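Here TrEMBL flags 49-447 as domain 'Amino acid transporter transmembrane'. The transmembrane segment annotation in TrEMBL covers 52-72, 99-119, 131-153, 165-189, 209-230, 242-266, 286-310, 364-385, 391-413, 425-447.
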Amino acid sequence: MAATGVDVEQPGMVAAGDGVGQPEMAASGYGHGDASFVQTCLNGLNALSGGWVSLALLAAVAGVCWYTGILLKRCMSVDPTVRTFADIGDRAFGRRGRVIVAGFFHAELFLIAIGFLIVDGDNLDKLFPGVHVSVGHVTLAGKKLFVVLVALAVTPTTWLRSLGLLAYVSATGVFASVLIVLSVLWAAAVDGVGFSAPGATAVRPITKLPTALGLFTFCLCGHAVFPTLYTSMKEKRRFPKMLAICFVLCTINYGSMAVLGYLMYGASVQSQVTLNLPAGRVSSKIAIVTTIVSPLSKYALVVTPIATAIEERILRRRGGAGGRSGAAVVMPIETAVEEGILRGGAAAGSGVATPIPRNLRGGFAVSVAVRTLLVLSTVVVALAVPYFGYLMALVGSLLSVGACVMLPCVCYLRVFRPPARAAETVAIAAILVLSSVLLVTGTYSSIVQIVHELTARHR
């Protein structure tokens, strides 16, 4: 979602009958995928599509993220039973590594779900300005009203056991990204917005770099699904090339939107460029509606991994657990990505339901309660911190940098100790040092900006 910045965990683009979409794959032998090179490229593109912000260092961040994706592939190649990012963490550091990986991705997914609500609230307020609802002495208006309405609309979708239909709808993510870029281009070239920015278009000050780098990392962080993509490929030797194609195309997509937005609106461009577009134009409405529909279709896919982890933990404590130890931590991010997202396109086409974990059967009441409370918690945060750009920069700096840059490097050094080439060790060490600096400075910068906005709002 190159125009909304929130599509990190998008569903895969596999047709019914293709290897990634078949339920038999999970039960078959390890490492035997039959998704074609082109299909895997589409899957990877969709997993990476996450934002429109693009400045000078985007290409460098893309290169680093591509390299860490290759490190994950190398870790998987040493053990055919390793199929997920959590498995890589377990292979490198045991149970603790598995928990750390899951923790990073669960936190990231939670904040992405919050971003979905903020995006839809902002854009619905753009389409329908001045709307308000009063119930007794309580009045909801504008963005807050739409955040609540969107949450009410998506809550029932989070109760579904099979996410096949939702995954089928959201499998259009790559095409939605292109459609939004084209709509913005049309607004500039045909609908009269033009490319003469009202303000200066100078390079951003150095103080903004940590926030920008955090956003870049967030946009290019699709590492949770890279192991699944690797497993799905028939020709695994072509994985680096597939990944390179995905990163190049995504970077071009993000860069196009960044250039368009900055040339059109200069320093006044908002964190969601759709909010700058003239509301009355058809091209603007297409871009805004596409931006709204995409998060609606993906919200349940994003919160399901977190909900499943909580449900399994609750049911295990109630004495209804079955299966192997540790499933409560691992299943959500990896199995849900593979079954609920990548598998979703085929499930929707073939009527195959996503299997219900054994220890969740009979726990529907628990599931509804957990998922409803989870939605409520995202609403509370979205209303309290309605700053999409800064929130996503925080996700990128704190979680995406940690999960998609630092963890692959650390796991690789642990699995291959030491790496065969000294130059590679130096390169990885440099990446770790720089990413550590970015994690600290980017997180600090994002938090300071959020606090500043909150303070200004309450003055």
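Numbering starts at 1 and runs along the chain as displayed.
Backbone N, Cα and C atoms are what each Cβ position is placed from, and that goes for glycine too.
Caution: TrEMBL annotation is automatic and unverified by curators.
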Leading contact stretch, 242-266, 364-385, 391-413, 425-447 vs the transmembrane segment (99-119) - CB distance under 8 Å: 391-413
Per the Cβ filter (under 8 Å) with a sequence gap of at least 6 from its ends, the transmembrane segment (364-385) is approached by 110, 113-114, 117-118, 121, 144, 147-148, 151, 154-155, 158-159, 303, 306-307, 310-311, 314-315, 391, 450, 454
Mind checking which residues reach the transmembrane segment (391-413)? Cβ under 8 Å, same chain, six or more beyond either end. 5-6, 8, 51, 64-65, 68-69, 71-72, 74-75, 85, 88-89, 91-93, 97, 100-101, 104-105, 107-108, 111-112, 114-115, 118, 210-224, 271, 385, 419, 425, 428, 431-432, 435-436, 438-439, 441-443, 445-447, 449-450
How about long-range neighbours of the transmembrane segment (425-447): same chain, 6 or more residues beyond its ends, C-beta under 8 Å? 64, 67-68, 71, 207, 210-211, 213-214, 217, 390-391, 393-394, 396-398, 401-402, 405-406, 409-410, 412-413, 418-419
Report, as numbers and ranges, which residues of the same chain sit near the transmembrane segment (131-153): CB under 8 Å and 6 or more residues beyond its ends. 116-118, 120-122, 124-125, 296, 375-376, 378-379, 382-383, 386
